[in-house]
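Annotated features, as they stand in Swiss-Prot:
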type: DOMAIN; residues: 211-312; note: domain 'Fe2OG dioxygenase'
type: BINDING; residues: TYR220, ARG303, SER305; note: 2-oxoglutarate binding site
type: BINDING; residues: HIS235, ASP237, HIS293; note: Fe cation binding site
Amino acid sequence: MNQTLAAQFLTRDQVTNFVVHEGNGVKGLSETGIKVLPDQYIQPFEERLINFHVKEDSDESIPVIDISNLDEKSVSKAVCDAAEEWGFFQVINHGVSMEVLENMKTATHRFFGLPVEEKRKFSREKSLSTNVRFGTSFSPHAEKALEWKDYLSLFFVSEAEASQLWPDSCRSETLEYMNETKPLVKKLLRFLGENLNVKELDKTKESFFMGSTRINLNYYPICPNPELTVGVGRHSDVSSLTILLQDEIGGLHVRSLTTGRWVHVPPISGSLVINIGDAMQIMSNGRYKSVEHRVLANGSYNRISVPIFVSPKPESVIGPLLEVIENGEKPVYKDILYTDYVKHFFRKAHDGKKTIDFANI
């Protein structure tokens, strides 16, 4: 059966129809047993990781911070230094239980293991809400080369809406994981805010830093010719903070701000990866850095990841915080409506750090 399916893909349109329009995703494509990567997934040579300086050695990677350290001042400094110098760090002993993390991974596999007809209920064409979306790649309509990834994206409005609209197969685990990370998020934002002279994370500041939450369940199936494509292309996130749960397979690479080399982020059991998003870079007037990152495709293993994007409310107007520029520091960014920024990000393909040019003065 698989060989028959694999043999039927004679044209680009047939592949696109099977993956995108019929809702099979790249998981379905991978499971047909294809041996050669379809043309529309072949990235330009300059976008393949083999064309970049890559550091796989353990002597250079993002900082690892023990959040449970009783010396809160030293933890805060480590977080802020990492936000300025790397834009990425891993946290351990962060207060989210291993059981919750493992349940989230299991639920992710469970959702993507559903029959295609079940997953398609949450596609762009069939979903009851734009807050719930099953899809593939990033922006297929805008991309010259597709990315080797399927996803379920869930924008959180309320537990009541989630109970009605989110898939049964992963709802409870996703809500629990999201709720369990909130104390960690607030602690990190408090550290980052205090370093910007924000004395208190009051309701106004909360609406800027963490007024909205989106969680994605990502699935990267085994890929033929993984060296020719990407799981996710070069980009920075548009969030304030991103909290990433990755499995043991690995594949996330971050571009070092100091050397420009791509550095592998090795999976650490029980850890969470934190990265600064564009919104935080804008609000900090460039002190904290959102950094290019990307995900490799894998020829041997299926991989999952679950990022939580903590962001301003869509209707918020964001710009450099008054606390940052009140002493005469010149603003680098203009005030922008956050929803306009997000729309700008999603209407194009991944293109490194170019999105933030939208906010430049």
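For all residues, glycine too, the Cβ spot is worked out from N, Cα and C.
Feature map: Swiss-Prot annotations on the structure.
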residue: TYR220; record: 2-oxoglutarate binding site; DSSP class: strand
residue: HIS235; record: Fe cation binding site; DSSP class: strand
residue: HIS293; record: Fe cation binding site; DSSP class: strand
residue: ARG303; record: 2-oxoglutarate binding site; DSSP class: strand
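Here TYR220 (2-oxoglutarate binding site) comes close to TRP148, LYS149, GLY231, GLY251, VAL295, ALA297, ASN298, ASN302, ARG303, ILE304, SER305: these same-chain residues lie at least six apart in sequence, with C-beta atoms under 8 angstroms from its C-beta. Neighbour density for HIS293 (Fe cation binding site): within 10 A of its CB lie 25 other CB atoms from the protein chains shown. Per-residue confidence over the domain 'Fe2OG dioxygenase' (211-312) averages 96 (mean pLDDT, predicted model).
Apart from the site residues TYR220, ARG303, SER305, the chain places the Cβ of LYS149, ASN218, TYR219, GLY231, GLN246, ASP247, ILE249, GLY251, VAL295, ASN298, ASN302, ILE304 no farther than 8 Å from the centroid of the site's Cβ atoms, the recorded 2-oxoglutarate location. When Cβ atoms from all protein chains are considered, those within 10 Å of ASP237 (Fe cation binding site) total 24, not counting its own.
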